[in-house]
Ligand code: UDP
């Protein structure tokens, strides 16, 4: 089988782990993700994963409710660790080995992250789930995944969302929105598109890490992206 990439960084949003729920974790969604991820690892793709925490806590919305921003961001980072443990557990249940790394030392919940430990895990066919964002407040997990993707020398960052790509306007609100097959980093700035925060986009641009935004919630799509089917939007 023709594979487009040998090593990838997959970003999953925390919100998508809720499935149809309003908060927290949906076991069915976790198990669907685990099956899709196991499938691509069995093709020989070295896989690193970064997960968000929005299904549990976000520092910015916490601040609007009176939480201290830094403490709120720390709560958000811990939420990403919870999600990472949940995905790791679902992967184990699916028969796929994984290792959870944390940006902040909290052994034995996870191993303290280093680029080399993550690469070593991936080379053994284990999934490196890199949690805790960047370890710093005022950042997002999109920036965390851009950073980790560059560090682990991934060839692409796959941003799994519930939308099937990048559109001229929000397709969930505007039926006339048109999808891009490809778009440059610069066009994201000039059109003011909210694909990722600008810190994450700039990090990818400056380090030439392409991004593919695709619908991860349709089972089978992850493999399709990696075998070169033209789904999603490529940012280059
Ligand atoms: N966060 C942080 N630093 C990081 C990454 C995340 O402080 O490097 C916090 C921040 O409060 C953020 C929350 O963790 O709102 C959850 O991450 P994010 O909102 O990116 O999750 P997603 O929207 O992808 O579920």
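Glycine too: its Cβ is placed from the backbone N, Cα and C atoms.
Record features, source TrEMBL:
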DOMAIN    6-215  domain 'Aspartate/glutamate/uridylate kinase'
BINDING   11, 12, 13, 14, 54, 58, 161, 167, 170  ATP binding site
BINDING   53, 73, 134, 135, 136, 137, 138, 139, 140, 141  UMP binding site
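Feature annotations (TrEMBL) mapped to structure.
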{"residue": "11", "record": "ATP binding site", "CB count, 10 Å": "26"}
{"residue": "13", "record": "ATP binding site", "CB count, 10 Å": "20"}
{"residue": "53", "record": "UMP binding site", "CB count, 10 Å": "28"}
{"residue": "54", "record": "ATP binding site", "CB count, 10 Å": "20"}
{"residue": "134", "record": "UMP binding site", "CB count, 10 Å": "19"}
{"residue": "136", "record": "UMP binding site", "CB count, 10 Å": "15"}
{"residue": "138", "record": "UMP binding site", "CB count, 10 Å": "12"}
{"residue": "140", "record": "UMP binding site", "CB count, 10 Å": "22"}
{"residue": "161", "record": "ATP binding site", "CB count, 10 Å": "19"}
{"residue": "170", "record": "ATP binding site", "CB count, 10 Å": "11"}
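Of all residue pairs in the UMP-binding list (53, 73, 134, 135, 136, 137, 138, 139, 140, 141), the one with the greatest Cα separation is 14 Å apart. In this structure, none of the binding-site residues 11, 161, 170 sits close to ligand 1 with a C-beta under 6 angstroms from any of its atoms.
Distance from the CA of residue 54 (ATP binding site) to the CA of residue 136 (UMP binding site) is 16 Å.
Under the DSSP three-state reduction, residue 136 (UMP binding site) is assigned to coil, being neither helix nor strand.
What surrounds the UMP site, by Cβ distance within 8 Å of the Cβ centroid and not counting 53, 73, 134, 135, 136, 137, 138, 139, 140, 141, is the set 59, 76, 77, 133, 143, 144 from the same chain. DSSP gives residue 54 (ATP binding site) a coil state; it is part of no helix or strand. Mean model confidence for the domain 'Aspartate/glutamate/uridylate kinase' (6-215) is a pLDDT of 97.
Comparing CA positions across the binding-site residues 53, 134, 138, 140, the one lying closest to residue 13 (ATP binding site) turns out to be 53. Using a 10 Å Cα-Cα cut-off from residue 140 (UMP binding site), none of the binding-site residues among 11, 161, 170 qualify.
Spacing of residue 11 (ATP binding site) relative to residue 134 (UMP binding site) is 13 Å (Cα to Cα, whole number). Here ATP is bound by 11, 12, 13, 14, 54, 58, 161, 167, 170 per the record. The longest Cα to Cα distance in that group is 25 Å.
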